[in-house]
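For reference, TrEMBL has these:
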TRANSMEM  115-134  transmembrane segment
TRANSMEM  140-158  transmembrane segment
TRANSMEM  170-195  transmembrane segment
TRANSMEM  225-244  transmembrane segment
TRANSMEM  250-277  transmembrane segment
TRANSMEM  298-320  transmembrane segment
TRANSMEM  355-374  transmembrane segment
TRANSMEM  380-400  transmembrane segment
TRANSMEM  427-447  transmembrane segment
């Protein structure tokens with residue numbers, strides 16, 4: 001660079017010229033004259049906007065100088081029409097327009113006022129069902145009112161399902177689920193009017209099952225199938241516990257065994273429901289996309305399938321841990337260990353939260369039961385505080401520990417594929433699952449009765 005000029009080579013479509021250009025003047029002031037010197041075509045409909053660019057680089061802005069762009073003597077520059085090159089056009093951004101566009105996009109993602117009002121009304125109806133079922137005043141009239149409300153919801157859900165383009169599909173499912181809640185309340189009230197207060201839970205479960213079957217007829221969705229399977233298990237379990245006249249600890253032990261069993265079968269159950277509800281890909285449809293969609297649906301259904309067992313464990317584990325019974329406490333500990341191991345095997349974030357929540361409730365219950373066993377008093381606060389800090393330290397340790405990459409299996413050409421091996425976590429989890437049944441039998445009192453029977457026979 002000599003003085004205020006830069007000696008460069010400018011290459012056009014027809015010619016190349018060696019020129020000395022002003023170093024501090026904007027490129028737009030002389031780029032047009034350079035185009036004339038190089039014989040560039042100027043017969044386009046729109047006038048060209050010439051600029052200079054290095055090989056493989058973006059064109060210089062018209063207001064930029066060679067000195068500001070770092071162009072030195074001997075550089076080779078190419079004439080570029082930024083009016084014909086969309087990638088090289090100057091971008092003019094208006095802050096007001098950007099804010100307005102972003103605000104409009106965010107408003108489109110907000111649910112409509114009608115949808116919000118409909119969801120609030122469904123919560124209203126569900127709360128009404130729970131309130132009327134709990135109070136139990138005028139059971140027969142309340143049961144009839146809730147049944148009529150459920151039928152109205154199902155008719156509305158079926159009608160809305162025919163207009164899927166205008167109504168969110170989840171709203172139809174929510175209407176069907178709310179109808180099942182109303183039917184559960186109606187079942188509790190009708191059972192109370194016929195058989196008394198002791199049978200309300202059985203009636204609620206039976207009414208919920210009937211409501212979900214009707215909901216499936218109105219809106220056949222996979223989510224409803226997953227919920228119905230759990231209610232069906234509860235419907236079979238509740239009359240059995242009522243027939244056996246179990247106490248709280250015995251009923252909780254049976255519920256824990258059933259919940260752990262359902263968790264073990266949750267993956268296969270979710271995959272089966274997803275496969276049942278999926279359509280086979282057409283001859284032109286990509287199989288990979290169909291498999292991906294099925295896996296996504298199975299992952300979403302997994303959180304629903306394990307939702308019922310998680311709630312059952314959250315309710316049952318504190319009852320077992322504070323019962324003062326050795327087998328019940330051991331069942332709490334074993335189940336909690338299994339839940340914490342399932343956290344490591346979880347495939348989605350929702351599963352991790354569900355298993356971790358139930359596992360932490362189990363840990364809290366076990367620590368609380370141990371404190372009461374050791375005498376209670378100030379020991380309860382000390383053990384619970386220590387346990388909470390210990391759980392926090394474990395979580396921080398997991399966060400700070402480096403993630404180890406998984407190793408790929410080494411396969412030899414022509415060799416047999418080795419059978420898959422169970423990991424240590426799977427082995428311990430299997431042992432915990434197998435131990436729940438005998439521990440529940442002990443909490444149920446079966447071992448004590450067998451010992452008494454043996455003593456009587458021996459005596």
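Cβ coordinates are placed from backbone N, Cα and C, and glycine is handled just like the others.
Because the structure is a prediction, the values reported are computed rather than measured.
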*Listed stretch, out of 225-244, 250-277, 380-400, that has the most CB pairs under 8 angstroms to the transmembrane segment (427-447)*: 250-277
_Below 8 Å between Cβ atoms, which of the listed ranges 140-158, 170-195, 298-320, 355-374 makes the most pairs with the transmembrane segment (380-400)?_
355-374
_Give the nonlocal contacts of the transmembrane segment (355-374) in its own chain as ranges (CB under 8 Å, at least six residues past its ends)._
306, 310, 313-314, 317-318, 320-324, 329, 332-333, 335-336, 339-340, 342-343, 346, 380, 382-384, 387, 391
